[in-house]
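Engineer: Submitted below is the structure of interest, expressed as structure tokens.
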Amino acid sequence: MAKKKVKSKPTESSWMKHTWWAIPLLAILVYIPSFTGQFTLDDNLIVEDNTMIRSLSNLPQIWKSHYWAGKIDANDTSLYRPLTLTTYALQYAMTKGNPIPFHILNILLHALVCFSLMKLVHLLFKNNYLTFLSGLFFAIHPIHTEAVSGIVGRAELMSALFIMTASISYHHWREKGNSKWLIALLLSTAAAITSKEHGFMIPLILAVQETAYYFNTRKYQWGNKRIWTAIGSVTLICICLWIVHSNITGPPVPHEQWLGVKPSNRIATSLRTAAEYLGLHIWPMKLSADYWTDEVPIVGFGHIKVILTLFLLLLIKALAFWQRRRMVPFTWGIMFFFLTLLPVSNLLFAAGFLKAERILYIPSIGIIVAVAALLVRLYETGKGKVAAYILTGLLTLFFIGRTWIRASDWKSNFTLAQATLKTSPNSPRFNNMMGLEMEHQNKHEEALKYYERAVKGNPNHVPALVNLATEYNNFKRSDEAIATLKKAIKIDPNTVIAYVNLMSVYRSLGDYDNNLAVANQALAMFPGSAPVLWNAANAYQLKQDMPKANELRAKAKQIQPDIGGNQ
């Protein structure tokens, strides 16, 4: 009689092979609410209203222009992300501005980042549980929602993906010496840099990777020519692209709240914010699309929270150093986090935000691997195995639930404004956004209240001033509308819509002389703006100068054929 075959228990490798597709699939499923999302926040500026991406004939120009070049009155010219803009242009050509395919591609990119992270962790540390937990937590962590659900977060996703493929390629080149991996490394570096500026950190990221090899083997390998060939070539790519970047872009535009702040206070505030970023990785309950000064007050080094932060950061770094041989993944993760946080931390220079979740997408790779390493260590102690399972289960359920809810917040400007004003009620940006939503619903009295609240929070918030003036005009408060628009122009003379709206107010009052004066001022400032040309044409027509009116109208139609409808 034949013996009955007994099925063996699944080994680590047998269950592990399923995680390679299961984790990326989970990364997609948890973002189901985003599949039908609209354009939100900066998506409207970078994608929906971006003239640069509307025609593939603009692709060469995209590679010669700064990130905001499609916005005629752009103030920030410091960014150069042509590869990201190229993907928007290609999608726009195929979908004509339907947001759903844009969201789908973002989610697929997130799944690819999860897969690539798992691959890198597996290559570096050869631990199945660590690989699984790193991929799992990265796939479902709520702090990534802004980068994944917001279409402009694609810069983060693409740069993260290419940083991962660069690190993987470096590993294979280092181990095998096959030139295809060196080529892949260089291409990945160039792609990461042209997706987002974080790519310039790749030489340092590879140096951190070398420390992981050293802590694993306890042998210096700096005599390995492949290491120097790779890091030298990557550094050369970075230098060349930095020269290109510098020739195309301008200086960074700091957040308005950094203006007038002493460098020491900016650094102290940024250090405290770094500790808050760490906290958001552990307890991502209070998330916001706009952290205003209520949430991020400017402080000095004498503030108790800054002192505690310095102590905490030193403690974490000391722990990472102490455990550099026992828990190499933990040490690598901490080093990766602080290194990749540095360029977006406001420590080196004042960036265009006080605090933001989107910029954590790449640095969070390090923290998530470090946390996963702690759980693996707890699991491997034997006595802590049950605790490790329970913690993993609780974190998984919490992260999935929180990400699902947060992705739902990002479905539209209205839902996002509702959610943000709960956590940041004084945010000028989101009070202004809610005002716009009320205006779209013809709730003008409510819109007026939100605009007034936005201007109260920040008297120099130009978009809110422009919209407030529109509501003043709707309520026949023309003098206030004119004064508010003039204030907006004084604060930011490059605001096209302020001139257009001021022309409209003068026109409605029958003040054709001032209407024409503003029109000529706007034409001098923005000769290539279709709305300016069209409204200036109306101004000349009202002054009975039809030849000039027809000339301007024809120019406007040339730039924007659909302007003015069928007129």
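Backbone N, Cα and C atoms are what each Cβ position is placed from, and that goes for glycine too.
Quick paste from TrEMBL:
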- 20-41: transmembrane segment (TRANSMEM)
- 100-121: transmembrane segment (TRANSMEM)
- 227-245: transmembrane segment (TRANSMEM)
- 298-320: transmembrane segment (TRANSMEM)
- 332-354: transmembrane segment (TRANSMEM)
- 360-379: transmembrane segment (TRANSMEM)
- 386-405: transmembrane segment (TRANSMEM)
- 428-461: repeat 'TPR' (REPEAT)
- 462-495: repeat 'TPR' (REPEAT)
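Walk me through the surroundings of each of these features.
Structural biologist: Sequence-remote contacts of a segment are chain residues at least 6 beyond its ends whose Cβ falls under 8 Å from one of its Cβ atoms, and for the transmembrane segment (100-121) they are 19-20, 23-25, 27-28, 31, 34-37, 39, 43, 47, 87-88, 91, 94, 127, 130-132, 134-135, 138-139, 144, 147-149, 151, 153-154, 157-158, 160-161, 164-165, 167-168, 171, 329, 365, 369.
Below 8 angstroms of C-beta separation, residues 257, 261, 264-266, 268-269, 271-272, 274-275, 278, 330-331, 334-335, 338, 370 of the same chain, each at least six residues beyond the ends of the transmembrane segment (298-320), sit close to that stretch.
Residues 76, 124, 197-198, 200-201, 204-205, 208-209, 211-212, 215, 252-255, 257-258, 261, 266-267, 269-271, 273-274, 277, 291-293, 295-296, 316-317, 319-320, 360, 362-371, 373 of the same chain lie 6 or more positions beyond the ends of the transmembrane segment (332-354) yet place their CB under 8 Å from a CB of it.
Within the chain carrying the transmembrane segment (386-405), a Cβ under 8 angstroms from the stretch's Cβ atoms is held by residues 30-33, 133, 136-137, 140-142, 144-145, 284-285, 375-376, 378-379, all 6 or more beyond its ends.
Under 8 Å from some Cβ of the repeat 'TPR' (428-461) lie the Cβ atoms of residues 41, 256, 289-290, 292, 413-414, 416-418, 420-421, 467-468, 470-472, 474-475, 491, all in the same chain and six or more residues away from its ends.
In the predicted structure, the repeat 'TPR' (462-495) carries a mean pLDDT of 94.
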Engineer: Sequence-remote contacts (6 or more beyond its ends) of the transmembrane segment (360-379), Cβ cut-off under 8 Å?
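Structural biologist: For the transmembrane segment (360-379), the sequence-distant neighbours (Cβ-Cβ under 8 Å, at least 6 residues beyond its ends) are 117, 121, 127, 129-130, 133-134, 137-138, 141, 143-144, 147, 153, 156-157, 159-160, 163, 198, 277-278, 280-282, 320, 327, 329-330, 332-341, 344, 385, 387-389, 391-392.
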Engineer: Using Cβ atoms and a strict cutoff of less than 8 Å, what residues sit near the transmembrane segment (227-245) while being 6 or more residues removed from its termini?
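Structural biologist: Contacts of the transmembrane segment (227-245) (Cβ under 8 Å, skipping residues fewer than 6 from its ends): 80, 166, 170, 173-174, 182, 185-186, 189-190, 193-194, 197, 199-200, 202-203, 206-207, 210, 221.
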